[in-house]
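Working notes, beginning with the structure itself.
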Amino acid sequence: MAEPVKVLVTGAAGQIGYALVPLIARGHLLGPDQPVILHMLDIAPCMDSLKGVEMELLDAAYPLLRGIVATSDVVEAATGVKVACMVGGFPRKAGMERKEVMGKNVSIYKEQATALEKYADKDVKVVVIANPANTNALVLKEYAPGIPSKNITCLTRLDHNRALGQIAQRVGVPVINVKNVAIWGNHSSTQYPDVNHGVVKTTEGVEKSIREAVADDEWLNGEFIKVVQQRGAAIIKMRKFSSALSAASAVCDHVSNWIRGTPAGTWVSMGVFSDGSYGVPAGLIYSFPVTTKNGDWEIVQGLPIDDFSRAKMDATAAELVEEKALADSIIKE
Ligand code: NAX
């Protein structure tokens, strides 16, 4: 069997952390033949809770789990990791200004990026989950210039999976029969879930475009988009807590596809550095449809973009430009 790989989860004592670490220990992140050593980071006041998670991981006797580091020391957490799942962050609380929250996250990401650059594996692959995920990923790159841009991503796979789920439910097929939706832009309510290039395999085994299978453009251009954009808020309303199970599962899908590839003819959505494709300003972390192979991603090129999509893709880019400007102003202060 392969040598164990060290995987970092920050914010590991939180909700997503609690749902994510067992999936990693079961092989859902790196595969069923890849032993792992879990590095779990959280802040000092959460150490009892983190130790409790460590105890439960031991009690679960996962065959692939070869070691656990549970710590509030960023350097210890970052040392030697090949994959970093950045879940920890400062949540926006009632009455807080956006700039204040961003300021707290900039200092968190500065410290963690600096440690990753210095102590992580040179080819560490990073996925930022903590909000504002796209901009936190940009901040991370700012303070870890030595980590290749291609290795720094943010999570929009949950939005992608939510879109697949909505289409599957509407058409009445298992979710595996739906593919190639795309999430463009920010992991926020301005994101654009795009079905124009997606495919559904009907229960009779016939492949149709999503538009043909759904046969309701009004729903696809209206309610569907809103439901996906606001799904996080809808979950909070019902559960009283934000999405955790689905977010953890999406992290595993993101990393697993990134490292092990996407099946032929299928793409997924990832927040990655824009190279200017589709007229998206270069240098933003923007969600694109991507294919992956041998640990590398490529933006899917050549998709036709109509005026409706263009306007939505530009609106979410504009929000990211604004967020970036805010983060830049904090970084310069
Ligand atoms: P929780 O508040 O349950 O957990 C966050 C954890 O981070 C806490 O244990 C906290 O102590 C820890 N933390 C805070 N500062 C830290 C630091 N400096 N170093 C290490 N740990 C630190 O939140 P949870 O529900 O787990 O959500 C985590 C993040 O994911 C939030 O920012 C949330 O907004 C974001 N989400 C992103 C999603 C995405 O698709 N990109 C979807 C789900 C989720 O909303």
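Here the Cβ of each residue, glycine as well, is placed from N, Cα and C on the backbone.
Here the domain 'Lactate/malate dehydrogenase N-terminal' (5-152) is broken down by DSSP into helix, strand and coil counts: 68 helix, 28 strand, 52 coil. Residues or ranges marked as domain 'Lactate/malate dehydrogenase N-terminal' in TrEMBL: 5-152.
Residues or ranges marked as NAD(+) binding site by TrEMBL: GLY11, ALA12, ALA13, GLY14, GLN15, ILE16, GLY17, ASP42, ASN105, ILE129, ALA130, ASN131. Around the Cβ of ALA130 (NAD(+) binding site), 23 further Cβ atoms fall within 10 Å across all displayed protein chains.
Under the heading substrate binding site, TrEMBL lists ARG92, ARG98, ASN131, ARG162. Same-chain residues at least 6 positions away in sequence with a Cβ under 8 Å from that of ARG98 (substrate binding site) are, in sequence order, ARG92, LEU326.
Regional average pLDDT for the domain 'Lactate/malate dehydrogenase C-terminal' (156-325) in the model is 97. The annotation domain 'Lactate/malate dehydrogenase C-terminal' is assigned in TrEMBL to 156-325.
Taking all protein chains in view, 29 other C-beta atoms sit within 10 angstroms of the C-beta of HIS187 (active site, proton acceptor). For HIS187, the entry in TrEMBL reads active site, proton acceptor.
Under the three-state DSSP scheme, HIS187 (active site, proton acceptor) falls in the coil class. Listed in sequence order, the binding-site residues among ALA13, ARG98, ARG162 whose CB lies under 6 angstroms from an atom of ligand 1 come out as ALA13.
Cβ environment of GLN15 (NAD(+) binding site): PHE241, SER242, ALA244 lie under 8 Å away, each six or more residues apart in the same chain. A separation of roughly 9 Å, to the nearest angstrom, links the Cα atoms of ASN105 (NAD(+) binding site) and ASN131 (substrate binding site).
Under 8 Å, Cβ to Cβ, and six or more positions away along its own chain, ARG162 (substrate binding site) finds PRO193, VAL228, ARG231, SER246. Ranking the binding-site residues ALA13, GLY17, ARG92, ASN105, ASN131 by how many other Cβ atoms lie within 10 angstroms of each Cβ puts ARG92 at the bottom. Taking only the Cα positions, the spacing between ALA13 (NAD(+) binding site) and ASN131 (substrate binding site) is 17 angstrom.
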